[in-house]
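Taken from TrEMBL as is:
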DOMAIN    1-346  domain 'SAM-dependent MTase RsmB/NOP-type'
BINDING   Cys100, Ala101, Ala102, Pro103, Gly104, Ser105, Lys106, Asp131, Asp158, Asp184  S-adenosyl-L-methionine binding site
ACT_SITE  Cys237  active site, nucleophile
REGION    352-418  region 'Disordered'
COMPBIAS  357-367  compositional bias 'Polar residues'
COMPBIAS  404-413  compositional bias 'Basic and acidic residues'
COMPBIAS  623-634  compositional bias 'Basic and acidic residues'
REGION    623-704  region 'Disordered'
COMPBIAS  650-662  compositional bias 'Basic and acidic residues'
COMPBIAS  692-704  compositional bias 'Polar residues'
Amino acid sequence: SHAREVLHCLKSKYFRELRDLRVDGQEVEVPQALSWYPEELAWHTNLSRKILRKSPELEKFHQFLVSETECGNISRQEAVSMIPPLLLNVSPHHKILDMCAAPGSKTAQLIEMLHADMNVPFPKGFVIANDVDNKRCYLLVHQAKRLNSPCIMVVNHDASSIPNLQIDIDGKKEVLFYDRILCDVPCSGDGTMRKNIDVWKKWTTQNSLQLHGLQLRIATRGVEQLAEGGRMVYSTCSLNPIENEAVIAALLDKSQGALELADVSSELPGLKRMPGITKWKVMLKDGQWFEEWKDVPPNRQTQIRPTMFPIKEEEKLKAMNLERCLRILPHHQNTGGFFVAVLIKKSPMPWNKRQPKVNQKLPQRTGDTVEATANLDEGTENITEEPAVVENEESKKMQNLAKPDTEQSKKEGVCGPPPSKKMKLFGFKEDPFVFLPEDDPLFLPIQKFYALDPSFPKMNLLTRTQEGKKRQLYMVSKELRNVLLNNSERMKVINTGIKVWSRNSDGEQFGCAFRLAQEGIYTLYPFIHARIINVCIEDVKILLTQENPFLSKFSSETQKKVKDMAMGSIVLKYDPDPEKPDSLQCPIVLCGWQGKTSLRAFVPKNERLHYLRMMGVEVFKAKRKEEESEGKTEEEVECKQAQLEEGMDVEDKQDSVTKMEAETGEESSNTPGESSAMEVESKTAVLDEFSKNANNHVSQESKD
């Protein structure tokens with residue numbers, strides 16, 4: 001519903017303002033909807049970054065794009081990169097693996113698809129997003145965090161040897177197979193020639209020859225972990241057949257009928273595409289061409305491999321249906337060049353048809369293991385696909401190394417990071433994931449204060465600290481909890497879960513030491529039965545434009561509801577009125593704080609701006625600059641007085657207002673634009689004023 005509101009806002013306001021606009025003497029082309037993307041949810045603009053950033057006439061539109069991108073309502077991405085997730089045909093119950101996920105635009109699409117129904121807080125499916133580069137994993141975390149999903153886990157592994165994960169099904173350990181796998185492999189990128197000048201300077205045929213082996217290994221590892229009947233999409237932003245059809249042909253050849261190319265010609269109508277090719281030659285850097293493997297001299301057989309050549313047997317080639325691959329050419333619809341192949345798994349891979357005992361082949365971890373789960377929707381199979389021999393030997397070593405702490409960790413429900421010996425990857429040392437014990441005294445006051453529903457899955461709550469005070473509580477879905485608890489020894493988990501509660505030291509005197517966090521409010525809201533105030537649209541505007549408004553400013557209905565409620569953290573809910581189609585038509589849930597004489601919303605800056613835009617309030621920065629110069633008058637004094645009356649000192653208020661608490665391993669992925677929009681010291685009713693010192697909040701909170 002929020003996406004529809006953003007689309008309505010774009011069409012009715014921003015696109016209309018771009019019509020007849022001229023920048024540097026040239027007419028601005030209005031963005032156009034991508035004809036092949038469902039429900040007009042993707043649009044294409046020819047405006048360059050430079051023009052968008054530098055032109056005063058486009059400043060308003062640019063500010064809108066940046067702000068909405070920060071809150072996760074818009075993603076900016078190359079048009080053709082949107083194709084692979086669409087062809088995966090994701091449903092909310094699917095277990096999905098994104099093998100080479102950074103920077104995360106496709107991952108964000110997958111998360112969207114899982115949450116197709118906003119009324120389901122915990123879809124049964126999840127996304128495990130992997131990348132080999134530790135630093136890029138944090139970029140991935142930043143992208144995924146914008147969508148506030150409890151069903152995403154970011155891990156750091158080499159995709160070509162990503163370990164098999166185990167999950168617990170009715171007390172029995174089973175290997176996790178994924179229903180959907182996105183295999184967007186590293187490539188030479190020659191399809192990006194329209195936007196990437198380096199391609200013209202550095203391109204050689206050697207690039208593809210060097211990448212072919214890695215691409216084939218990653219794709220092979222992917223199909224090994226795919227469930228029977230599952231779908232894997234292989235894609236590159238290259239047009240070289242060595243990286244594309246050659247990889248798919250080699251994979252189909254060695255699968256011996258276990259895989260087939262899906263015919264997706266009827267999917268994404270409107271997308272101009274070319275069929276895959278069946279004939280190609282291989283060229284060395286020096287310009288030598290080879291048509292068959294037998295023509296390659298021995299001294300070149302390390303650079304060129306047999307799998308790089310097309311299949312010669314006509315019948316076998318015909319059975320592969322390579323023409324079912326998709327080739328997107330740049331000049332057909334003004335995009336980048338792209339290759340996509342959709343594979344369906346019909347049976348286990350031939351090299352996995354033995355029936356190993358899972359318990360022998362995979363390390364048995366009862367509490368301390370981190371791997372990924374993919375319950376098969378079609379029912380779990382007896383035939384399990386085992387990892388490569390090298391991986392098994394490594395697993396046994398791991399098992400021996402980890403035995404001493406396994407029992408201890410099991411008792412505590414701790415999913416610690418893997419010991420450094422096991423991981424040859426470099427990066428930050430991650431804090432452990434510690435699930436709250438069922439009898440944890442911390443939870444009882446929270447349950448009572450917010451009157452949580454008995455169905456609330458408290459076992460899915462976790463913290464990132466084993467010792468000292470728990471400052472933040474995070475939440476994951478039941479399925480991801482299963483993955484975390486059974487695989488922590490072998491998976492390097494970078495991030496998972498959304499923040500649902502933050503400690504507020506002053507909250508204890510009001511009955512609960514934890515206030516609600518805006519990031520997790522849409523997940524928590526269905527379970528909360530107390531401290532909810534339904535507000536009208538005018539009240540929402542006051543909450544979002546004034547920093548600490550007095551109760552007298554709100555509607556009489558709101559004042560009545562607040563009157564008998566104790567001070568502390570609250571939920572503010574707006575329900576749309578279908579009889580007023582011109583008003584905001586999506587529900588809004590905000591976190592707030594009720595004081596003795598005032599009511600405030602704890603919502604980050606960009607999210608405030610988003611809601612205000614949807615309500616038709618002008619939030620353009622340039623128009624608010626005049627207001628900044630106004631003196632801090634009576635409003636300032638009143639706000640300060642109200643804070644004193646509420647019994648919250650400034651430091652604790654600062655702590656309770658700030659959105660972005662310092663979290664180990666996450667600092668590098670957060671930007672000033674994400675930090676809290678509420679600057680307690682500023683005490684003014686002007687939106688822009690409280691966004692000025694957002695950076696100070698982050699550093700202050702880090703010190704705390």
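Positions of Cβ are set from backbone N, Cα and C atoms, glycine also.
In TrEMBL, annotation is done automatically, which means it is predicted and not curated.
On the structure: features taken from TrEMBL.
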residue: Cys100; record: S-adenosyl-L-methionine binding site; contacts (Cβ under 8 Å, 6+ apart): Asn130, Asp131, Val132, Ala159, Cys183, Asp184, Val185, Pro186, Ile218
residue: Ala102; record: S-adenosyl-L-methionine binding site; contacts (Cβ under 8 Å, 6+ apart): Asp131, Asp133, Arg136, Cys137, Leu139, Leu140
residue: Gly104; record: S-adenosyl-L-methionine binding site; contacts (Cβ under 8 Å, 6+ apart): Ala129, Leu139, Leu140, His142, Gln143, Ala144
residue: Lys106; record: S-adenosyl-L-methionine binding site; contacts (Cβ under 8 Å, 6+ apart): Ser81, Met82, Pro84, Pro85, Asp98, Leu182, Asp184
residue: Cys237; record: active site, nucleophile; contacts (Cβ under 8 Å, 6+ apart): Glu78, Val80, Ser81, Cys187, Gly189, Gly191, Thr192, Gly336, Gly337, Phe338, Phe339
Among Cys100, Ala101, Ala102, Pro103, Gly104, Ser105, Lys106, Asp131, Asp158, Asp184, the record's S-adenosyl-L-methionine binders - longest CA distance, Å: 20
Cβ neighbour count (within 10 Å, all chains shown) around Asp158 (S-adenosyl-L-methionine binding site): 16
Averaged pLDDT, computed only over the residues in the domain 'SAM-dependent MTase RsmB/NOP-type' (1-346): 93
